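Look at TrEMBL and you will find C:6-27, C:34-53, C:59-78, C:90-113, C:143-160, C:189-215, C:227-252, C:258-279 tagged as transmembrane segment.
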Amino acid sequence: MALLEVKNLGISFGGLQAVQGLNMSIESGHLYGLIGPNGAGKTTAFNMLTGMYTPTEGIITFDGVNITGKGPEYISKAGIARTFQNIRLFNAMSVLDNVKVGMHNRVTYSMLDGVLRTKKYRNKEAEMNEKAQRLLDVFGIGDKADYAASQLPYGQQRKLEICRALASDPKLLLLDEPAAGMNPNETQELMETVRKVRDDFGIAILLIEHDMKFVMGICEEITVLEYGKTIAHGDPQTVSNDPEVIAAYLGGDDED
Amino acid sequence: MAKQKKISKAARTYLTSFILVGGFWGAIEAVKLSGGLSSKAAGLLIPVCAYIMMAISLNLVVGFLGELSLGHAAFMSAGAFAGVFFYNTAGAGMPEGAAIVLAFLIGGLAAGIFGVIVGVPVLRLSGDYLAIVTLAFGEILKNVLNSLYIGADSAGLHFSLKDQFSLNMEPTGKVLMKGAMGITGIRKFSVFSVGILLIALTLLFVLNLMNSRAGRAITAIRDDDIAARSIGINLTKYKLMAFVSSAVIAGFAGVLYALNFASLVAKKFDYNLSINILVMVVLGGMGSIPGAIIAAVVLTVLPELLRGFSQYRMFIYSIVLIIMMLFNRAPAFVMWRQRMALKFRSGKAGSEKEDAGKKKG
Amino acid sequence: MQFLSYLVRGISLGSVYALIALGYTMVYGIAKMLNFAHGDIIMVGGYVVFFTFCQGGMNPWLSMILAIVVCTLLGITIERIAYRPLRGAASLAVLITAIGVSYFLENGAMLLWSSEPKSFTSIVSLPALNLFGGSLQISAETIVTIVTSLVIMFVLIWFVNNTRPGHAMQAVSEDRGAAQLMGINVNAIISLTFAIGSGLAAIAGALLLSSYPTLVPTTGAMPGIKAFVAAVFGGIGSIPGAFVGGILLGIIENLSKAYISTQLSDAIVFLVLIVVLLVKPSGLLGKKATVKV
């Protein structure tokens, strides 16, 4: 069985059907793309997968467990982590602390351990510091550990957000438009990073993108959404030759 | 190198805070020894300690959790009344030390329970609604305490929200709490060192908490609650943790404060007091513990030092609130300051880059 | 009959709350901020009427208009200086500033006019209405207050639904960014909202003081907070909601004063707020808000 199985997933707000009949199957270690024009329901799908929204129909199975309708806390613990379209960092906290917050449910000790500074506290903190620093180093921002997150330039903020997500040891990483707002050089570098994450951490990645080139360049399997419905599915070659996809992209406002 | 710097940053806060409190203690003790402490100043010592605790604890909610509580005085009040009531009744027959310790514990516990009662419903809300509901709870507690009568006779305790006669006591019964008159005849206990000790414990608790996993979760919720949820942080749990911890400390402060006077009335702990504490937090810089300590001392002592200041006091406070917010939070000002900081730092950043280069090489 | 008279007094007080709540709810709905100083504008309006009409002997209508002008200008000025620079900042910062403004007005009034209570003379010079052979007396102030707040509510509803600025207000309330893109001058609309709300506060002040004639610098604080409770009760952002919430709150307050306890009536009013927010946070007539991820 695949790591993530999405069956007939759908949600409606009031009368509006934002996503309908979405099926996806993502294997461990896969790089999967979810694309579509603006307002196609991609982020809504993410919000259902991460428990921010409760689907009105369909089943999500993750790692053999039905996680449909579970809250973000449960889903995060189960092993799904995400980034956000418009970067959501803990701006006033240090870069290192941002990553350490990511480990919230992975390296734990009680409030009392923290207040009384027990041995457990010291050991766990040391473990966290080391792990966080290592993650930051992988992404080349290790020397910024001490900066406030808001002081980082845009591209590095994106990286930090991925670091924070990885800190929770996910089995599946959801990236919401990671290349948004990046120039071609940065996008190229990001592609390398994403591949590297998959290879080094051995996890599955599901990403939403607007930038067709980016998706075609790195994803092994792609689902295309339009107005909440799946209009195409397959490997990059198949999808890019699909007439409906071409129509959707030429007809829609793909470049914003 | 980066790591070293980080540790020193947290350590700096500890160091500054404790030096401030130690310095305050030392200075007062020195003046006391030289006999230069006027009785008026001596009377201020305990209130200053209580306000420092209040400011630190409110900072936990306003500065670190990022929610505005307008009923902080109510937690102080809950602690004060519970602690003093015990001290005046059951504690009367005990050795003083035990009675004092128990009074503090009971005061803290009462404030904590009130904190949970307020916190559980309130923390489902946020922003403006949370602020107004904390204000509402504060007013409710004040009104109830203001009309609460408690008496004791051989049959036990009697309660009434109306008046003394509705207590229905035997003629020999004793009224312990008289509505708006509150509790009277308190055996005063005001030892400055105890105040300092409590501040030190508060500091240790708050600083340790904020530099731990729980504290990071609390700050994360403040910075971005949606991201915090996505990481698997239980919002209710950590909001409640910050809120109730803050209430318990306020309860201790309440006991400390109340034992300094012969009588205790609910009116003292009104909305104005909550705002006074808020001014301390804002002036000290939200989220800054040393700042809160300095602001609490300055704002308590200054009105007493400057004659004729007292009628301008609240007026000046109001301007302080507005200006501090505009200067620290207005987007245009923030950007301007960032630009200034960048300009200022550009010289420094060059040398930092050099350092990094050296390390790599 | 006793009950009826309490009820009428409650409706009268509630009408004042409704007037204040109308201003509150518009500012909250459009500027998305809790203007803590709103209640204190009532007090300023009260002092203007006091000095011109009660002491100066000015024509009550003229005095009223003057108070409206002063409060309107005050509201616009406060928004311009204290709130507008903070647009886009966290609500915590805006709220603290609003508290600062509230204290500024109260303590400024204290310095200017001292905290000594001023005795207000009613601006309404009509005879009271006697019903049931005199066993139920309804004061002229009560009638004027109720009628005024009803008329103002209907005018506001008409204004918001049928005029260009009214439509612009709805647009800004719905989505400020989109409204801006549509070419609506958001700053002007927010200023207008503050102007209307503050003008209403002046009227509310004069009517409140006509029924409860003690004027002190903190006169507006409690009614202001209670009016916010009323606005939340009725559903924040809803004009009819503010009116209904105000009337109900006034009734609840007066009946608890009469039948439960004078001391605890405020506590009961606040309890209502807490229960409403927990059971139906959108209020009686409000819409449910959703947060976008």
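Backbone N, Cα and C atoms are what each Cβ position is placed from, and that goes for glycine too.
Contact between the transmembrane segment (C:6-27) and the transmembrane segment (C:189-215) is supported by 3 or more Cβ pairs under 8 Å, counting only residues 6 or more apart in sequence.
Between the transmembrane segment (C:34-53) and the transmembrane segment (C:189-215), three or more CB pairs separated by 6 or more residues in sequence fall under 8 Å, so the two stretches touch. By the count of Cβ pairs under 8 Å, the stretch nearest in packing to the transmembrane segment (C:189-215) among C:59-78, C:90-113, C:143-160, C:227-252 is C:59-78.
Nonlocal intrachain contacts for the transmembrane segment (C:90-113), taken as residues 6+ away from its ends with a CB within less than 8 angstroms of a stretch CB, comprise 32-37, 39-41, 43-44, 47, 78, 82-83, 217-218, 221, 224.
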